[in-house]
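To start, the structure itself, in structure tokens.
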């Protein structure tokens, strides 16, 4: 017998950390997000990065042009912080409603981050202006010194960058993005209402054993890298507790298959097609489905000072299979959980 399906109705969610890329990749991946999410914080790490108001407006138009008819989707644009960024340009974009937030990438921490910030001291006038105008700072929280082990880079960032910065600018709103460690979970939980975090589905579902034992799985390779089981469990416990300053941020980061399955493969999981069902699975496993809506749809708007969405979606508990690949010109994209059976899907 087939068990009766379970349906969860939740307010329409937002994705507070999303990579849409550009060109043909943009046109391919946008519908997977615009179908489900009402809004998304769009990352600015293009080549060249989005560092001006005009560049953000142009990129927003390219995104909107890729949204299928019938989808209601608002991209929330971000400014890529560099050592040479003009605080006046940043403020102009924020006051005009072009920039929702600004993104701090430590130089060379992740994809297309070579233009990133060399030190917070180098951009202190920009950060002081952000504190003054109430503009959120989104942080990729890893140090990038060559002598720091890749598994330690997030924890080290808290001690050497994040905590000193928040002490120096106590009024600055900070989102600690895609946290991956118990250290970060504890830090955010113990922080004040100026500090929040996003968590990806892959960091809730998997740890480094899943990526490395029995063969290397390049489609689980992302940055920050998957950590030990103890860190995965800390993240799961944080979201299952109903903690209000943590919210959905998929960090969906598409790369063509040949760039993932390579001798020097790219970091990033393309999880937009399966993320929401993945989150539901985790919350169900943790007996915390009562907190799923807040994580997906309420906590983010509250932190950003934005209204919650008026519309609703339904998640259905039924088994379905994730496609093995998604066509991309003469290549393909491998979605997160490709070929696997998933238990929650958005009801069409």
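The first residue you see is number 1, and the count goes up from there.
Every residue, even glycine, has its Cβ placed from backbone N, Cα and C.
Binding of substrate is annotated in Swiss-Prot for 19, 20, 21, 45, 140, 223, 255; the matching candidate from 58, 155, 240, 267 at the same site is 267. Binding of Zn(2+) 1 is attributed by Swiss-Prot to 17, 19, 251, and the same site annotation extends, among 103, 167, 347, to 103. Binding of Zn(2+) 2 is attributed by Swiss-Prot to 103, 140, and within the candidate set 178, 203, 210 the record adds 178 to that site.
Within 10 Å of residue 140 (substrate binding site), as judged by C-alpha distances, the binding-site residues found are 103; the full candidate list was 17, 19, 103, 251. Cα to Cα, residue 21 (substrate binding site) and residue 251 (Zn(2+) 1 binding site) are separated by 12 Å. Separating the Cα atoms of residue 45 (substrate binding site) and residue 178 (Zn(2+) 2 binding site) is a whole-number distance of 16 Å. When the binding-site residues 103, 178, 251 are ranked by how far their Cα is from the Cα of residue 20 (substrate binding site), 251 comes first. Secondary structure from DSSP puts residue 223 (substrate binding site) in coil.
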